[in-house]
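Trainee: Got a structure for you, written out below as structure tokens; questions coming shortly.
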Amino acid sequence: MEAPSTRLPIFFIFLLLSVSSPIFIQKSLADGVTPDEAKQLRDEVREMFYHAFNGYMKHAFPLDELRPLSCEGEDSLGGYALTLIDSLDTLALLGDREQFAASVEWIGKNLRFDINKTVSIFETTIRVLGGLLSAHLIASDHTTGMKVASYENQLLDLAEDLARRLLPAFDTPTGIPFGSVNLLYGVDEHESKITSTAGGGTLTLEFGVLSRLTDDPIFEQVTKNAVRGLWARRSKLNLVGAHINVFTGEWTQKDAGIGTSIDSFYEYLLKAYLLFGDEEYLFIFQEAYGAAMHYLFNDPWYVEVNMDSAALVWPLFNSLQAFWPGLQVLAGDIDPAIRTHTAFFSVWKRYGFTPEGFNLATLSVQHGQKSYPLRPELIESTYWLYKATRNPRYLDAGRDMVASLQYGARCPCGYCHISDVEFHKQEDHMESFFLAETVKYLWLLFDLAAGPDNLVENGPYKYVFSTEGHLLPATPQISLVREHCSYLGAFCKSRVESESDAINNATSAEEAKHSFSEGTTSTETPPSSDFDELTSTTGLIRGFCPGLTHGQKFGMIYIGSTSTDDESVTETEAAQRHSTVVVTDHNSGHSTSDEKNIDNSQEHREEGDVMNDPHPN
């Protein structure tokens, strides 16, 4: 197994993916998939959404989730109309103004969190908090085309109330939160001190956005401390385990992988950088991603190893691993993403769905892991790979996925879990993420092929997708908080300086070094006088920042890749040719930026665009 290249194109492939490029456009979409048929598939997916959504509203609302076989409802998380909250931004994406407005108004008037319910920090954050924030940002902004006239920030108020009820979970010696909290009474004295890495490390997007919208840094601070707490306890190989004691910091399960219990920890490192421009997340992602590719990648599959010794523990394809190729697209590492997606999709083709576990030693479904609970991860990666390469194979894959769901999972009132992929046995349950993610990514795939006309592709902002598929826009208020720009009209919002701000605004290398948490590796930095004129933190606009950037502290150099007019390029070259390559230069004491110019006609819309692990355990 070869060590991965250190050249990881990251930020500007993200910018590239937010706009259409003539390099990628092909008239022939796929064998048998014409533009008109792509529209038909898009409309079929739309009908799939409403079959399930209407079934929920008729038979289950206001309970949390639908039982699609018996056409009944059930409370599975907190008893607060979970599926409706999770579906809000999908309604907006589909352009359903009437249902979106009605749903926002109902939630604003009826939803309350002062209830005696013990809930999962992870699930509540990604499904409920993320759903409320995404819908608020759409309903309050006329540029989205979905502004609700009667809306007065009720969803934002609910989101803040909910987040404050989750804060007691973070009161631990390590900063890593408990897995559950009671919304009325806080953390129970008998609450387990063991949590998953994904459960503690997949909260930064939602809490960070909330801090920016409320001008209260506490939410972002606690979740960033949780990430630091996990990363500080990584092994010497830069691997993290699956479960950890939040009081002692001891790993209780040392299996390292990219699937169950860990997956979205990697995802949120990159996406937090993309959305907030915080280079500390980028630095951690680079280290973590490099270790994962070196120790876990058994081309084209990924295995689980001991985090300390890298000894093989588990040769298993876990269905939650299927998000990884999509994450690699966002990181600009296209080649392995293509190969891994091909391998993962071969499992889908074999069974019609991906089982929770597929044994790579026996090449058979893992005993006890035969189910497919309507997960979106492989569909999500299919969407991102098609968006990056425009290769028609991904439309073929999407068409097969639609057929499998229609003929194997469709139920009288919605879509059913598949309890056994070998016999396509249906189970009477439909997770809310089926509407938040699974059909959303399918619809986006075919809408992109048919000629995109939606909020993500043509809207006023670039969007980062949360791990629950919620749309988080890179607005100035969210993404440019730390900018200190020198021109009239720049976005500068007065706010309480957070710990991370203090680091960015340190006036000397020594101050910067001492501001970092215990778990962050530090290196020698040059005097601050060498950096009198710095580019902005995010690089989206030019301005000045008074302190060292995280990249400068750690010797990262940003190198723009060269471009060529040669049209005979591979899909990998095409996807990477406009990206910025990030390399680590241990001999350099500063970072420079040589970014490829973005077409002036696109500059007014370049504000993010970016996936998923509904269950860390």
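Positions of Cβ are set from backbone N, Cα and C atoms, glycine also.
Quick paste of what TrEMBL says about this protein:
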- E123: active site, proton donor (ACT_SITE)
- D263: active site (ACT_SITE)
- E356: active site, proton donor (ACT_SITE)
- E377: active site (ACT_SITE)
- T467: Ca(2+) binding site (BINDING)
- 517-529: compositional bias 'Low complexity' (COMPBIAS)
- 577-591: compositional bias 'Polar residues' (COMPBIAS)
- 592-608: compositional bias 'Basic and acidic residues' (COMPBIAS)
- 1-30: signal peptide (SIGNAL)
Trainee: Do me a favour and check the Cα-Cα span between D263 (active site) and E377 (active site); whole Å is fine.
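Mentor: One finds 11 Å between the Cα atoms of these residues.
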Trainee: Check each residue in the chain of E356 (active site, proton donor) that is at least six apart in sequence and keep those whose C-beta is under 8 Å from its C-beta; list them in sequence order.
Mentor: N318, S319, Q366, Q369, K370, S371, Y372, P373
Trainee: Quick check for the class: what is the C-alpha distance, in angstrom and rounded, between E123 (active site, proton donor) and T467 (Ca(2+) binding site)?
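Mentor: About 10 Å separate the Cα atoms of these two residues.
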Trainee: Between T467 (Ca(2+) binding site) and E377 (active site), how far is it from one CA atom to the other, in Å?
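Mentor: Rounded to a whole number, the Cα-Cα distance is 10 Å.
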Trainee: Quick check on the active-site residues: of E123, D263, E377, whose CB has the lowest count of neighbouring CB atoms inside 10 Å?
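Mentor: Each of the active-site residues E123, D263, E377 was scored by Cβ atoms within 10 Å; lowest is E123.
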Trainee: Please work out the number of neighbouring Cβ atoms within 10 Å of the Cβ of T467 (Ca(2+) binding site), leaving out its own Cβ.
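Mentor: Step by step: centre on the Cβ of T467 (Ca(2+) binding site), count other Cβ atoms within 10 Å, giving 31.
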